[in-house]
Amino acid sequence: MSRRRAPDPVRVLAPRAEAGRISRRALLGGFAVIGTASLLGCGSRSIASTASTDGALEGRLNVYSWGDYENPDNIRAFREDNDVTVQVDSFASNEEMIAKIGASRGTSGYDVLVPSGQFVPMMVANDLLSKLDHSLIPNLANLEPAFTAQPWDPGNVHTVPKSWGTTGFAYDQTLIDGRPTSWQDFLDLAAGQASGSVSLLDDAWEVASIYFGAKGIDPNTTDPADLDAAEAYLTEQLAPHVRNFNSAPTQSVIQNEMALLQMYNGDARLAFSESDDADRWRFVYPTPTANLWVDTWALARGAQHVDSAHAFIDFMLDPEVAIGEVDWNGYPTGVAGQRALAEEWELDMLDLIFPPEKVVARLTPAELTDAQDRLTSILEQVQAKAG
Amino acid sequence: MTTTTVSLRGISKAYGTVTAVDGLDLDIAEGEFLSLLGPSGCGKTTLLRMIGGFEEPDAGELLLSGESVVGVPPNRRAVNTVFQAYALFPHMTVAQNVAYGLRQRRQGQPRPSRAELAERVREALALVRMSEYADRRPKKLSGGQQQRVALARAIVNRPDVLLLDEPLSALDRNLREQMQVELKLIQRQVGITFVFVTHDQAEALSMSDRIVVMNAGHIEQVGTPQEVYGSPATAFVAGFIGTQNFADGIVKDRVVVADEVTYAPELSALDGLEDGRTVRVAVRAEAVTVVAEPLPVGTANTAVGTLAGTAFLGDVVQHVVLCEDGREILARTAAAGAQPLATGALVGVTWAPESVHVYPADAS
Amino acid sequence: MARRTQRTTASLSFPVWAWLVFFVFTPLALVVWYSFGYKPDLFTAVSTDQLSFDRYGEVLDGVFMPMFWATLRIALTGTLLCLLVAVPFAYWMAVKVDPRWRPLLLALVLVPFWTNFLVRTIGWQVILAPSGMASDVLNAIGILDGPLDILYTRGAVQLGVVYNYLPLMILPLYVVFERLDPSQREASRDLGAGRWRTFFSVTVPDALPGIASGCLLVFIPLMGDYLTASVLGGARGTMVGQIVARQFTSAQNWALGAAMAVTLMAFVLLTVLIVAALFLLVRAVVRRARHLDLGVSP
């Protein structure tokens, strides 16, 4: 009497004919092959090419920017006026963005990027950006002359300025006496009245520039002696007093967590406007110099929605749209006549948005130099010694 | 004069709306082997657990060796339990399991020395014949072996009372009967009061000095095995012990008439029961004899029917006789010397008057 | 018939093997491969045309090691605190609570997991701020005089990790406590042991597998955690995971990051092995002490 066998469950996974032949060894062997192949596939060197323009706006646009950096009203306006779906993704640092764009070799899917100016030359050198078609950006004429000749991209070949700002520090007047004005004052306060309650930016260049600024050295120096001195001072004299490293410490101000914070002017303005107790805080544009950073709109290599990208950038250069950005993130754009518009729009704390002329004149834009690795290492040392 | 080790007065326990034990009184004598016998849900396990301290009675008095133990936790009672699932500690060896109780600190008693500990454990293991397994882990032992270790673990502490919660129910028949004999011998040897819970009447009958038959939270009868077997006090006890033939009938002229069959018990059995009263009669199967020549219908203490079947039970033979009115009568006789009877043949059954037990029909 | 079953089993385990190969072994192999590379220039993250052990040298010489010890302290303390909180709670839930309420309690334990890890950690940042709720409450009841100073310290990180990882300790403990035979506990009480004695002599040894899994489930991810420290720790509460993560974000030195990652994994494994060995040692000593020599020949 033959026994009835239950239907072979393997049937669900593989054709009956194959099922019997899959042995464990063969299975593992198969995986090894597939696994190695996938690893090898990671080594491809070619970059996808950018689509060409044809005058018609594509239905979609992918923007890769810093978090919460664009005014949602502007985005919505662009979307409705042009019937383009705009997707905005965010990154937390230039390095992160560059790593992602670089690794994807043009297939990231992003069209518009927002790199900081100092990283642009390198991105161009590594073929990560596409040239802008100026004929599609008539509003370039609205730019202030200074912003058409930035050292990292003279003539706006690859980029257009988006927002710019500077670094300073905010302090709690109820906890700190006196009127600090310079980076040296900052260092003295950190070691003195504000000890244990100091927040620094989580940025290698910015932290080192505190020392260079205080000692009158060019913050973009690559002199090893300067760098050694900076490391020694920062790790021994500043680090022990630092409580936290945060590049956007608005919450710390609002929650009164610290006495002294190195921060960007726009973040300070935002913090003061949201704080219950704004009067106790004061922001300083320190002497002798500080960073002048510019975030830019750039076109990614391998972008597929090129017409929409150009239309978007052009849209953002319209003064009425640009002032909306100023209102949103508190930083000036490169567009001319914004100060007047700001007064019209009745924005508050204008001095925090638009640094005074004499301040702007003494600012030093950060450059990406060979010292970058050393600066990163110094920051690590400071963070290790902190607290 | 025997001393009372355990004394229960008016013990009650309810779980929500369900009454487990209802106003129970009982005295357990020192050194006796007492069984609590009854069907599931009768409250015997609850009662046992109350003596052990794992449950507290809602009302009533509970005395151990004359002292009230209501509210006293199990670790402070001079009582030990053998659990139904043995509950041996898996990460300890047999010897360590047995030694566990001895290692615990007791009030007013010094901890035994290492040597004394070893001696007592050795003794206990020898008693249950598990000496060679001293260093084994419980999971390497069979059910019967675990059973014996559990017993040793409890006995080694020399408790006043040993509680056994259906300890043999997981064993197969042969092992069970073997263990019944062993348990009885051990109990005699150590002289500890045993309170034994079981639902198996044969087990209770074979091992106990006294049996407490329980039903629905109260005691039906307390007596020696002979008393409970021979003179069941209520219909329930009669039905629970042994195999009974029941019939409902009406008292009439000193006999009980149940349809076509007349039951004529001994006269004293009908005391207090007037004519016309509905009663329930019980006749033990062992008391019923099958005869090849049926007696005339209507004769007292007889019935007529066809032999529906014969079952061979090893030591006894059980006949099933089907009467005309549909009633089934069971008869058991010793297998040896039983006369062979043809299935389907017309036969008669008969029994002696003293084996007819009468119970009022409305008695609970 | 046996051969057929073997092949069937091999085929049925296909999804698991595939997952392991593609999502565990291959990425791990990639990380180890990168750890032998180097950072060729400012922009490129990693290059493997020249292989060496130099990155490992950098790891062991740099800030990694002191940070590792600090993290180890936080992780061990955190695991222990989780254990201390979870054991009574899981025991209560598994043994004392009416079985009807257990699923509800379990769900409540898991509710924080429905929120994103980062979001609930930021929640603590708000609560622990000097002007936050915790400060107000502590001042109101008089324990504290002045603003709460715990944010951006190691203490805040310790609190945060215990909060975030507690459910991972509670669940395996609950499972193992629930499976325990209640009659064993009764037997222990019956034999004269009090509640605490019963817990340590009977319940805990039975529950050891659950305790071990709970500890591993908490300790290992905790060693690599960097979110909690980033949000609550400030400068003083840095954990080694942050340094590793930084190599892949701002520093863009994947080779160094990979070497750090491999070193971290190796050290964590080593720690676990050491603790396991210690435990076995302790257990052997206890067993020896408890051993009864009956002088009975087998």
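Here the Cβ of each residue, glycine as well, is placed from N, Cα and C on the backbone.
Under the heading transmembrane segment, TrEMBL lists C:12-36 (among others). Taking Cβ pairs closer than 8 Å, the transmembrane segment (C:12-36) reaches residues 46, 48, 51-53, 55-56, 254-255, 258-259, 261-262 in its own chain, all 6 or more past its ends.
Taking Cβ pairs closer than 8 Å, the transmembrane segment (C:67-92) reaches residues 154, 157-158, 161-162, 165-166, 168-170, 173-174, 177, 199, 203, 211, 214-215, 218-219, 222-223, 237-241, 243, 264, 267, 271 in its own chain, all 6 or more past its ends. The transmembrane segment feature in TrEMBL is assigned to C:67-92 (among others).
Among the features that TrEMBL reports, domain 'ABC transmembrane type-1' is placed at C:68-275.
Annotation comment: TrEMBL describes C:104-127 (among others) as transmembrane segment. Long-range Cβ contacts of the transmembrane segment (C:104-127) within its own chain (Cβ-Cβ under 8 Å, at least 6 residues beyond either end) map to 93, 97, 133-134, 151, 156, 159-160, 163-164, 167, 170-171, 174, 227-228, 231-232.
What TrEMBL records for C:156-177 (among others) is transmembrane segment.
For C:198-220 (among others), the entry in TrEMBL reads transmembrane segment.
If you look at the transmembrane segment (C:254-282), the same-chain residues 6 or more away from its ends with a CB under 8 A from one of its CBs are 31-39, 45-48, 55-56, 58-60, 64, 68, 72, 216, 219-220, 223-224, 240-241, 243-248. Residues or ranges marked as transmembrane segment in TrEMBL: C:254-282 (among others).
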Under an 8 Å Cβ to Cβ limit, what residues of the same chain, 6 or more beyond the ends of the transmembrane segment (C:156-177), are close to it?
74-75, 77-79, 81-83, 85-87, 89-91, 93-95, 106, 109-110, 112-113, 117, 120-121, 124, 128, 150, 203, 206-207, 209-211, 213-215, 217-218, 221-222, 225, 228-229, 231-234, 237, 239
